[in-house]
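According to TrEMBL, the domain 'EamA' annotation covers 6-138, 155-284. Sequence annotations record features per position, and here TrEMBL assigns transmembrane segment to 37-62, 74-91, 97-115, 122-142, 148-174, 186-208, 214-235, 242-262, 268-286.
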Amino acid sequence: MNPPLAISLKLLSALAFTVMGAGVKYVSDRVPVGEIVFFRCFFMLLPLMVWLALQGNILGALRTRNLTGHFRRSVMSSSSMFLGFLALAYLPLMDAVILGYTSPLILVILAAVLLKEKVQGCRWIGTGVGFLGVLVMLLPHLSGGGLLMGGASTIGIMIALAGAFVTAGAIVQIRRLVSTETTGAIIFYLAIITSALSLLSIPAGWVMPTVEEAAVLVGIGILGGVGQIVLTMSFRYGDASMLAPFEYSTMLWACMIGWLAFNDWPETPVFIGGAIVIAAGMFVLWRERATMHHRHETVDQAADAISTVAVPAPALEANSTRPPV
């Protein structure tokens, strides 16, 4: 164990994912979302394959017993990315990040309904409090009938929440895969299948990016892959429970980058609601970890769960278990 190194890697991964989200926002008004999804997934393969080669695990990543399960998960993940990237076109970076934090709360509901998991009352309370935080964030839009008027930010909020819901569904699929699939296989087939699925959006009108846009698009994919790898490495040097609070550094990165790059400064309800969502997410995360510890499970597959979303979402590392490698 090396806690300082683990924390440094965790913070670096949060920064990588947040910069990736900023890159998506930067090109989203000129490059179609489907095209961005393609670059995000296809160029993620570059750092991923290097990492697997260094581990001597390329063949292990190609081996699968459940290609159908990978396809179902990739359909959910590509939809999640599409919605998340689209939300970034409408919302300030920090708003989109905070709304992404609702995924683990939604997952509690889906786990109870789809996986028939027994959800204790305290987790339901944490979930309810988290959604109360979302309502606080929506206060500026609720006043004066803003939500009903359908402004750009309102559309972005609805898209972001839909993306968070689909992300939670994708994590349910991950839970079904981890019993037979390696971490490398889950990540590899996500990249391959989602890249192929994104090509279906070509008839909607892809564009030829400029040199600058192409560099940003390639960077989005590489940052996504590097962030995922660095996050995985962080769990080798520190306990997941120790590292979990540092996931919320994405809020600081998003606030700073949003202000410097896009001149976006969150309104007061965003800070208040975000704090409530984070507190609820941490509570649900703590309960998830307590349950998983009781079952003698681990949570090294955090990076794979986070790879399903456009911008970092917290607590997702508690929602998937590490399969045999």
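Including glycine, each Cβ sits where the backbone N, Cα and C put it.
The residues of the domain 'EamA' (155-284), classed with DSSP into helix (H, G, I), strand (E, B) and coil, number 112 helix, 0 strand, 18 coil.
Just going by CB pairs under 8 A, the stretch in 74-91, 122-142, 214-235 that sits most against the transmembrane segment (97-115) is 122-142.
Taken residue by residue, the domain 'EamA' (6-138) breaks down under DSSP into 110 helix, 0 strand, 23 coil. Within the chain, the transmembrane segment (37-62) has long-range Cβ neighbours (under 8 A, six or more residues past its boundaries) at 20, 24, 78, 81-82, 85, 182, 184-185, 187-188, 190-192, 194-195, 198-199, 201, 217-218, 220-222, 224-226, 228-229, 307, 325. A Cβ distance under 8 Å defines the sequence-distant neighbours of the transmembrane segment (122-142), meaning residues of its chain 6+ beyond its ends; these are 95, 98-99, 101-102, 105, 108-109, 151, 153-154, 157, 161, 267, 269-270, 272-281, 283-284, 287-288.
Confidence annotation: the domain 'EamA' (6-138) carries a mean pLDDT of 86 in the model.
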